[in-house]
Structures are given as C-alpha cells and as structure tokens.
Amino acid sequence: MKTLKRRGKVLASRLPDAPGKAGDACFALILRIASMSQAARKAVDSSGCCLRHPWIEEKDSNHEKVTGSSDTDISPTTARRNGGYGRKKMEGCDTLTLFGDEPSVTYWHGPLKGAVKQISGSVGNAVDCVEMQLRTGKKHFYGTQGGFQHKSWRLHHDEVILAVAQEERDSFVGNSVVFYTSECQIIALQGHDATNRTRLIAPIGSQISGLQFEGSQLTGIYLERVPFDGSPMAVSSIIGHVGSAVDKLVLRLRDGSTRRYGFEGGYQCGPYNLDDDEYILLVEQDRRDAYLGNSIAFVTSKGKIWEFRGMQASRSRRFVAPPDRQICGLFGLQRESLVSGWDLRVPSFATDKTIRKLGGDVMSGMWMYLDHLWMQHDAAHGMRVQCSARECKVLHFFEQYLEYRQLQKNRESAVPEEFQGIVDEAKFLESQAYQKDKRLFGFVKDWVSFIFDKVQLFLITPWLWHYAVSVFGEEAEYSCTLFFLFLLQWVEKPISIPFSLYSNFVVEEKHGFNKMTVKLFVTDLIKSEILTYVFGGLLVPMLIWIVRYFGAGFYLYLWGFVQCLMMAFMWIYPNLIQPLFNEFKTLQDLELKEKIEALAAEVSFPLTKLFQIDGSKRSGHSNAYFFGFWKYKRIVLYDTLLHLKHDDILAILCHELGHWKFGHTLMNLVIASAHTFVLFWLFDLVMYSEVSSQMVKQFGYGETNAVMVSLMLFMLLVSPTEQLLSLLMTMLSRRNEFQADSFAAKMGKSDGLQSGLFQIHEENKGDLNPDPLYSWYHFSHPPLVERLRALKAIEAESAKKVS
C-alpha cells in the first residue's frame, strides 16, 4: 500500500500545472483509489462508473503485464485528470465520460468489441515468436519456437489494439514487438538486444500537450482533456533538430505558447502541423545518456507517425490503426523478416470496406499510411526531385553545348597551324571525318539515353521494384534486390545493344577500326552477362548484409570490404577475366623483349612477365599497360602496337614507366579509396536517417527501406558533385601525363615518344583539332599538340643546360 501511495504521488506530480482545488482533487482521488481494497475498487460508485487499472488489479497467470528490463512503459491511465475517467454503457455505443457533469464524447460508433483476446510470445536476445489469439478462436503465429522467457497478456473484451511497433533486425522477429491498446496497456515483447525505450500514452479522452525530461531521459508527459465543443486541440505543430541524436524539440501550442526541450544543434526537421481536430496520443523515446535520446516518435489521433531520428537511432517500424479500425493481425512478421502490415478489424460493425470475413467483422489487408513523419513535406520532396532533375538537365545541356563546339571544329578542313608540314592533309581529313561521325552518333545516343533515363528513373525503375516486391515480398530483401537488378539491366538492353551494334558495325566499320564479327559480339555479350550474374550475385548480398548487420556506422566495414575487393580485382581481372576475352601470349619479338627488359632494369622496374594480346580481333586501336603488385609487375602490349619501330615502342613504354616512377597508380588508388570512404560515410548518414525515406518515397518506391534502392537514389543525388570530382580527376590525369612524358624525355626518349604519339594519333584517327573548352572538360590526356609542345620545351631546356 505504501508503494501504491508513493506511485500515486509521483504520477500526480506529472500532471500539468493543475491549479488549486483541481490538482488537490486529482491527488486525493489517486490516494483514495490506492487505499481501497480490490473489491471496493471494483464496486460501482455513485455515478455508476467503474475504474479499472491493470497495475492495481490482482494479476493472474493469464493476465500479466511484463516489460523488458531495459524499457520503461508508463501508462498515464493511472494519472487521469480532474477525478479520472470512467466507462458508462449506453445503448448502441460505448461512450467515455468524465466523472461529474462534463459532456460525453464518442470515439467509436457502435458497440466496442476487441478482436484480440490474448497476446503471447517468447524472447531471448531477440523476439523468437509472437502469437495473437482472436476471440473467434483463431490464432496467428509468427516466428519459430525458441527463447528462454515466455510472456502472455490477456486483453479485456472491450480493449482493442491501436498501434504496433517493431525494432528491426535481420533475424528472428526483431529486437522487440510492442502493442498499444485502448486501455493504455503497453504489451512489450523485448529481447535483450532491444534498445532502451520510454513509452508514454495518453488515456482516451486526453491529449499530450507537453513533455518532461530528467536530463536526457523522457520521464513524463503533460495531459489536457480533449475538448468536446469542437475547439482546436492543444498542439499546433512539432519541430525537431537532429544530428547524431535528437538535439532539440519544440512543441507549439495553439494558445501561442511554446515548449522547448534540449539545445540548438543538428538540422531542423519540420514544422509538422497538426490539424485543428488532431492531437498527440503517444510518444516514444529511444534513450541515450545525452541529448534528447537517439529518437523521439509521436503518434497522433489521425494515425500519423512523426519520428525525429538521430543517425545512431535503431530503425523501427510503426503501424497505427486508422479511426474505427483495430489491429488484429500482422503481415510479413516471419523469422528473418520485418513487420510489413497488419490486419484491421472494424470495432463496431462490418462496413462496405470489409474485404473478407473471419468469424465476424475482420478486415484483412495492408493499410499503408502515408501520413507519417515526412507527409507534411511533399512540396520539399518535390523540390528535391526537381533539383536533381534540374541539375541533370543543366549538365546534359552544357555537355551538348561542348559537343556542338567540337563538332564545329571537326567540320573544318584546314590543317591546324601547329601540324602544317607535319600532318598529311588527306590523313587530317580522314581524322576529321571519323571524329565528326562519332560526334553525330554521340548526339543521337546522348539524347535518346537522356530521355530514356528520365522515363526509367521516374516510371520504369520504381515499377520494376514494386513488381519484384510483389513476386518475393519486401521482407525477402536479398531475393527481391537481385531480381530487381536483373530486370533493370535487361530493360536497358533494348537501348544499349542497338547503339553498341551501330557503333561497332557502322561507325567503326566505316573507318576501318572494327575487326569484330557478329558471333564474337554475341559471345562477348553472353560472357559479360554471366560475369555480371556471378559477381553481382555474390557482392550485392554481401553489401546488403554489411549495411544491415552493422547498422549505423556500417561505412567503415563496407569501405574495408571494398578495399579488399579492389585489391583482389587488381589480380582477378588480368589473370581470370581478361583471358576470357583475349589471348595472352609471351612477346614473340625476342629482340624487342630484350630491349624492354633492359629498359625496365635501367629504371629498376620489377618486371616479371611480358605479354602481347590479340586486341586486333576486335579493333584496330592500339594500347599498352602494366599491372601487378609490388615486385611482380607485368607489361602487356596490344598486337596493334607492335608494327611501330622499336625505339617508338620503347619510348611509349618509358612513358608508362614514368607513371610508375612518379607513383601515379598509387596516387589514384589512394584518391579512389578516400573517395569511396567519403561516399560510404555520406550514405551511412542518409541510410539510417529520414532522408532515405524521403528519397525513396518521392521517387516512387513507396515505404521500402531496401539498401540498394537507397544507394541508387543516393548516387543519383550526388551525381552533380561526382561530375565535379570527375573534372578535377581529369585535370589531375593531364598533369600526370605531362609528368610521364617528361620522364621519358629525361631518359632520352623524347624523339621516339613524339614519333610514337604522332603515329598512334594518326592511325587511331585521334582528334587533331580539339576545341579548347571541350578538351579541358573531357580529355584525360592532353591534346597531341600540347604534348608535342611540352616535349620540345624540355628538349630546348636540356640543350641550354648542356651548352
């Protein structure tokens, strides 16, 4: 009894500043109830009303209110204002009234009858299973048997389930599954891995108008009666500031006052406006030892869910029954899956919306409420998509402008002044014709791709995702994602394959470069597809698993995985993948081989093998490169390069060795690694924040939280920044090319390099008349005229030093 009196005093202290007699009367009522015997409490008082509080009733084995050791569930039913609330049965309706002479307010039309009789489940580190027993006798079972603690709650005949929440995890039935009832009962099935949460509920007939914090922990709420005369509700809007946690909350009341909690920090979310007849029913806090917790969620009387989530908050799903509905079942709640919906029952009567019968008035279906945290910001979401589309259009038109400038240069017939007397006019015109045809083909391809990409982005891709979900179910994220990516790449094939065929068998064929047959084209396509399926089928699930398993902070592990993958592919590609497309042979020209080995020894290049490959079976373009780790380097020459003079080939290889000498390869690896780290860090901030929900919803993917969908949209939104970084990398690449040229010149290979570069340019019909702005934006290698000019400048400087 002392405990009950003490609890009554604490609860009374949480009431809003009830002045004078009202507050004294409330406190006296609580003490009077706590002092009664059980029989007296159940007796009907003079007004014909009966109080029922689960926490002061005798508990039996079938009705036990048990919560996890880490959660605090506070039921403000025990702190009803102004004398408390009671129930009075009336013909045709269940009406809640205040004790005294207050008017009544009806919340459901028709007799209120609960669909669920009992909820039970087993928990361990997570929730192993949940069972819902309906009053019709039917049982819904989710998960599998397990756990080391079994819990059970019995619901009153007129008690309905209004909301359900799940703390997600990739296995079992989540870390926790929590049900909220009309009797302000919180039924919490929680595993030991569940986060610490405080849940506060307003009793029927009251609304939450303020919060109370003790340090960073939510400890209480302010309650006000729901007005019965049509007056607006207490809270008009909610604003939050979030970063790694919830920094600040602001509740604006309709009387003009403001209630602030926490301090400035993070970025602002909101304001989220409540309708005049809408009020706050429930508040939930994911606790932490600083700030205002990892997250705070509000549930309103209209079923809206507004959550302020910090980056370190665990991810939860919440579903609220709309007015005149109750939850009587769950969809998608299986082992290794998440809650994805619920069964709804009409509490009072069957309506024309009833889908099917289940021993009475059960509605079965998935009611996905779009009125959640970001529903008030559809305009802002639209701006996000519009900004993305606008940025893409600006970039596209700018690049098309550059293409037009270059096309005009390719239409000129006069040999540039720098090449007069060096380049044959016929060769120059052939180069111009080739570049012009490529440019015109590029115009058509770019515009078709631009239009198709927009249609795909806003229509095709979202539809494909929803189709994949309809086949596998959203809870099967791995299968759903792989099927979605499979469909997506084949949707692109009707565009990419014809363009590839035209490029090879028309444009390249016309100018003598294409050596590929249709059979080889098809076999290359099949091999590429098989490799895509193999590596995609292995790597995509691994990416999803890392993001899901490690939660917030996954970027470190994902980055580490990608670094290992990059190192592995530096060996896998030349040793396993490229041999599927090209034949590697030891260099057949023994004299050239000896000269190359001598050059490598001269600069201390750790050459172990020297190959030539049959690049000529696909194209007449030439190339050379080296690969390998540390002291195991290999040089590869295309057979289209071997007809050059040995001195020219040695000069070209000396240029490649210059990249190694100056550490350009290592520099590019470090930059790529840092770039990947930043991207994954930013994606981590987005993935476990409401920004991800914004993106997904606005681009037409609904309420999914699939990793690959969020990643695709994230990369789309950062693409303008990526374009800027690409431009900076292009500028860095040109600098590196000049450095590598200077290395070859200092090794006495200047004449051979100039001759080799000129021949390669002439044979490949490279652009000898580039537009300055076009080459600045696109060329990773400096234009030939600039490279020749720089080499001659080095020669002149060396001659001065000698003299």
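Even glycines carry a Cβ here, placed using N, Cα and C.
According to TrEMBL, the features are:
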type: REGION; residues: 61-86; note: region 'Disordered'
type: COMPBIAS; residues: 67-80; note: compositional bias 'Polar residues'
type: DOMAIN; residues: 404-582; note: domain 'CAAX prenyl protease 1 N-terminal'
type: TRANSMEM; residues: 530-548; note: transmembrane segment
type: TRANSMEM; residues: 554-573; note: transmembrane segment
type: DOMAIN; residues: 588-794; note: domain 'Peptidase M48'
type: BINDING; residues: His655, His659, Glu737; note: Zn(2+) binding site
type: ACT_SITE; residues: Glu656; note: active site
type: TRANSMEM; residues: 666-686; note: transmembrane segment
type: TRANSMEM; residues: 706-728; note: transmembrane segment
type: ACT_SITE; residues: Asp741; note: active site, proton donor
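Everything TrEMBL records as a feature, shown here on the structure.
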{"residue": "His655", "record": "Zn(2+) binding site", "contacts (Cβ under 8 Å, 6+ apart)": "Ala740, Asp741, Phe743, Ala744, Lys749, Leu753"}
{"residue": "Glu656", "record": "active site", "contacts (Cβ under 8 Å, 6+ apart)": "Ala624, Tyr625, Phe626, Ile635, Ala740"}
{"residue": "His659", "record": "Zn(2+) binding site", "contacts (Cβ under 8 Å, 6+ apart)": "Thr665, Asn736, Ala740"}
{"residue": "Glu737", "record": "Zn(2+) binding site", "contacts (Cβ under 8 Å, 6+ apart)": "Ser780, His781, Pro782, Arg787"}
Original post:
Taking a Cβ cut-off under 8 Å, which residues six or more beyond the ends of the transmembrane segment (706-728) line up next to it in the same chain?
Top reply: 384, 388, 391-392, 395, 457, 461, 465, 474, 477, 480-481, 484-485, 540, 543-544, 547-548, 675, 679, 682-683, 686-687, 692, 695-696, 699, 777
Original post:
Cβ under 8 Å to the transmembrane segment (530-548), counting only same-chain residues 6 or more beyond its ends: which ones?
Top reply: 170, 477-478, 481-482, 485-486, 489, 554, 557-558, 561, 565, 577, 580, 687, 707-708, 711
Original post:
Across the domain 'CAAX prenyl protease 1 N-terminal' (404-582), what is the average pLDDT of the model, as a whole number?
Top reply: 89
Subject >> Check: same-chain CB within 8 A of Zn(2+) site center, minus His655, His659, Glu737 >> reply: Glu656, Gly658, His664, Asn736, Gln739, Ala740, Asp741, Phe743, Ala744
**OP:** State the count of C-beta atoms found within 10 angstroms of the C-beta of Asp741 (active site, proton donor), not counting that atom itself.
**Re:** 26
